[in-house]
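Worksheet: the structure to be examined is printed underneath.
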Amino acid sequence: MVRWSRWFMANSHKDVGTMYLMLGMWSGFGGLNLSWMMRLELSRPGMWLPSSEVYNGIVTLHAIMMIFSFVMPVLIGGFGNWLLPMMLGSIDMSFPRLNTFSFWVLPPALYLVIVSCFIDYGSGTGWTMYPVPLSSTPYSGGISTDLMILGLHLAGISSSAESINYLVTFLNVRSKSFKAEFSPLFVWALAVTSFLLLVSLPVLAGGLTMLIMDRDFNCSFFDPSGGGDPVLFQHLFWFFGHPEVYVLILPGFGLVSHVLVFYTKKLRVFGSVAMMYAMISIGVLGFIVWGHHMYTVGLDVDTRFYFTAVTMLIAVPTGVKVFSWIATIYGSYLSFEAPTLWVLGFIMKFTMGGITGVILSNACLDVALHDTYYVVAHFHYVLSMGAVFTIFAGYIHYFPFFTSKLFSPVLARGHFFLTFVGVNLTFFPQHFLGLGGMPRRIPDYPIFYYYWNQWSTIGCAMVMVSVSLFIHMQWEA
């Protein structure tokens, strides 16, 4: 019991960070299995699952587990807790008990989200939970959607508490002689991420509370029959939802900078101050571009022009970061160890995802491509090959520091190449499916789309094998 009580009563930032990593990895495996179920359904025309409601429930659970229970806990909670105090020269976080609280709120949140999918047909709303029709009572009348909303509320409480802790630690624990500009880039990434979460999460909480009032207390915030407006929910959700995608990738930017500096054997990353201001710019611009998710809801031409222009503007600070990483690599004696491979893969595939993002930022093109597999391919290139690649780069790089053990270099490289080929084979064909007009979140399709869906399923099978190799690699270490 003594060994278990260490974890139940942990206040140390290292113990809490380890628990975040364990929860995140478990959720990542769960989310991957759900994606494999989706790919099996889409591997050939016709239905394999009992109904489309079950398929939509799988889509919803996959998205929420991957975003709120995998990428955020690992990048922000795991690496943040382990590295932030050490990079600032502190013995712990400013509020160790708040740190513990922010972790222990997450397992109940994950429990509510998972349980919701075993009630009725699950919550088939997608992670966006659009009301009228998807999450409205006539169409999602059971308790499953309510449990999903409560689970998201708990995840939001956890992230808010965590963000307060990180910001206070960043501002107060740092030595007064140690200027903020010279803080490591990962520290700055966490500071910007915490700011994004603190500003955007209350808006999501308000939107979800209004939604649950509509569902259970006869209000009509979003119901047109009672004078409400469903587009209001989209504005509230995407004001949170777009900063959220930067929350997922910014800590990864910081990790990539640190891993690159180590393996290029340079003193610092190229243009480190510009990199810092680029992250701040991305954070600020992230709050004023949410409308690009809503081009098809009836925004007027001037509004769509504004959101197109500002969305393209985000490519500037992002380009500063990408070219600074390339300049850091230039002229260095790069050792092709596993973390370096993950970083190089990240730079290539994140750039690819950014290019498709600029294409989708055009309102005239997005009207045609909205809710097709082109959008799925775009954000999976940014997340499945962006955020996840940074997680593996950081994890393999810092694993000896965390555990005093080493991964097998051969297995680590093999894991990278198998994953790299697998995710590309999974998501690259989806660009063609989207350009051909295949809609997302639909479990069946005409025979016309069979060829590229088959390749996509083969790629997903390769990713499943690579994850098995990762588990073996972990076990062997």
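Glycine too: its Cβ is placed from the backbone N, Cα and C atoms.
Just so it is clear, the model here is predicted, and its values are computed rather than measured.
Within H242, H258, the residue that Swiss-Prot lists together with H292, H293 for binding Cu cation is H242. Ca(2+) is bound by E41, G46 in Swiss-Prot, and the record lists one more residue there from P443, P446, which is P443. Here H370 (Mg(2+) binding site) comes close to Y295, T296: these same-chain residues lie at least six apart in sequence, with C-beta atoms under 8 angstroms from its C-beta.
The Cu cation site is defined by H242, H292, H293, and by the 8 Å test on Cβ atoms against their centroid, the other residues of the chain that qualify are W238, G241, V289, W290, G291, M294, F307, T311. Here the listed stretches are 16-36, 149-171, 269-289, 309-329, 340-360, and the one with the most C-beta pairs under 8 angstroms to the transmembrane segment (455-475) is 16-36.
Burial estimate for the binding-site residues (H293, H378): highest at H378, by number of other CB atoms within 10 Å.
Of the listed binding-site residues H242, Y246, H292, D371, H380, the Cβ environment within 10 Å is emptiest of other Cβ atoms at D371. Of the two recorded stretches, the transmembrane segment (269-289) does not lie close to the transmembrane segment (340-360), with fewer than three CB pairs under 8 Å once pairs fewer than 6 apart in sequence are set aside.
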